[in-house]
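Down below is the structure, laid out as structure tokens.
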Amino acid sequence: MPAGFRLLPGRLSRQQQEGLIDAVVAAQATAPFWRPSMPRTGQPLSVTMTNFGSLGWVTDKHGGYRYEPAHPQTGNPWPAMPALLTDLWQELADYPALPEACLVNWYTPESRMGLHVDWDEAATDAAVVSISLGDKARFRLGGPKRGGKTASMVLSSGDVVVLGGEARHCHHGIDRIYPGTSTLLPAEHFPAGGRVNLTMRRVNLA
Ligand SMILES: O=C(O)CCC(=O)C(=O)O
Ligand SMILES: [Mn+2]
């Protein structure tokens with residue numbers, strides 16, 4: 001494993017996980033999940049997204065990958081980050097400023113995320129802190145170069161991953177979701193079930 005990679009299995013209690021899902025559901029009123037598209041091709045991603053924080057990560061055909069202060073469809077500011085998230089950041093990120101952004105990814109059973117490096121942030125000196133909620137998923141971690149050796153691991157609801165140091169520059173992605181492996185996501189709000197991932201990032205240099 002690259003230096004700066006940490007997996008904290010079961011870091012969040014069931015109650016904490018439920019609190020975060022409640023916050024994601026509440027966010028739907030002003031910042032509903034939407035399906036972003038890839039730069040240039042306009043091909044839709046297989047995950048739908050929303051954000052918490054003063055900045056949110058977005059992508060579309062014409063503007064590409066970037067951070068924006070408002071939801072691309074409603075124009076509303078993103079809802080505030082729940083305190084549990086900023087507390088967790090302060091505990092784990094070892095960085096002198098709070099994250100501006102928490103990307104929320106909803107993976108349905110057929111969703112995946114290809115290997116990529118998070119590099120739309122100026123503050124790559126800050127770790128990325130990522131929370132898994134709902135169904136298990138196979139997470140893949142490679143090196144800084146595309147096409148290198150990779151390793152995979154299963155992430156479960158309540159697990160927290162920290163990509164700091166060298167790992168901050170490493171490729172990672174989600175190969176697949178294991179449907180029906182968690183009871184966390186309420187069917188009324190997540191009819192297709194699946195997995196929700198929360199990824200906190202510092203965008204601007206502190
Ligand atoms: O879903 C995950 O665990 C990883 C998400 C991710 O890498 C991202 O949103 O950039
Ligand atoms: Mn990523």
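The backbone N, Cα and C atoms fix where each Cβ goes, and this holds for glycine too.
Fair warning: this is a prediction, and the values are worked out from it, not measured in the lab.
Copied from TrEMBL, the annotated features are:
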type	residues	note
BINDING	TRP57, TYR65, ARG66, TYR67, ASP120, ARG146	substrate binding site
DOMAIN	98-204	domain 'Fe2OG dioxygenase'
BINDING	ASN105, TRP106, TYR107, ARG195, VAL196, ASN197, LEU198, THR199, MET200, ARG201	2-oxoglutarate binding site
BINDING	HIS116, ASP118, HIS172	Fe cation binding site
So which of ARG66, ASN105, ASP118, VAL196, LEU198, MET200, listed as binding-site residues, have a Cβ under 6 Å from an atom of ligand 2?
ASP118
For ligand 1, list the binding-site residues among ASN105, TYR107, ASP118, VAL196, MET200 whose CB atom is within a distance below 6 Å of it, in sequence order.
ASN105, ASP118
Surrounding CB atoms that lie within 10 Å of the CB of LEU198 (2-oxoglutarate binding site), all protein chains
25
Give me the mean pLDDT over the domain 'Fe2OG dioxygenase' (98-204), rounded to a whole number.
98
CB contacts for TYR67 (substrate binding site) [other CB atoms within 10 A, all chains]
20
Candidates ASN105, HIS116, ASP118, VAL196, LEU198 (binding-site residues); nearest Cα to TYR67 (substrate binding site) turns out to be ASP118
Which one is it: of the binding-site residues TRP57, TYR65, TYR107, which Cβ has the fewest other Cβ atoms within 10 Å in this structure?
TYR65
Just give me the nearest neighbour of TYR65 (substrate binding site) among the binding-site residues HIS116, ASP118, VAL196, Cα to Cα.
ASP118
Among the binding-site residues listed here, ARG66, HIS116, ARG146, HIS172, which has the most company in the form of other Cβ atoms within 10 Å of its Cβ?
HIS172
Residues close to Fe cation site centre defined by HIS116, ASP118, HIS172, Cβ within 8 Å
LEU115, VAL117, TRP119, LEU163, CYS170, HIS171, GLY173
Between the C-alpha atoms of MET200 (2-oxoglutarate binding site) and TRP57 (substrate binding site), the distance in angstrom, to the nearest integer, is 10
What residues, ordered by sequence, lie under 8 A Cβ-to-Cβ from ASP120 (substrate binding site) and sit at least six positions away in the same chain?
TRP57, TYR65, ARG66, TYR67, VAL203
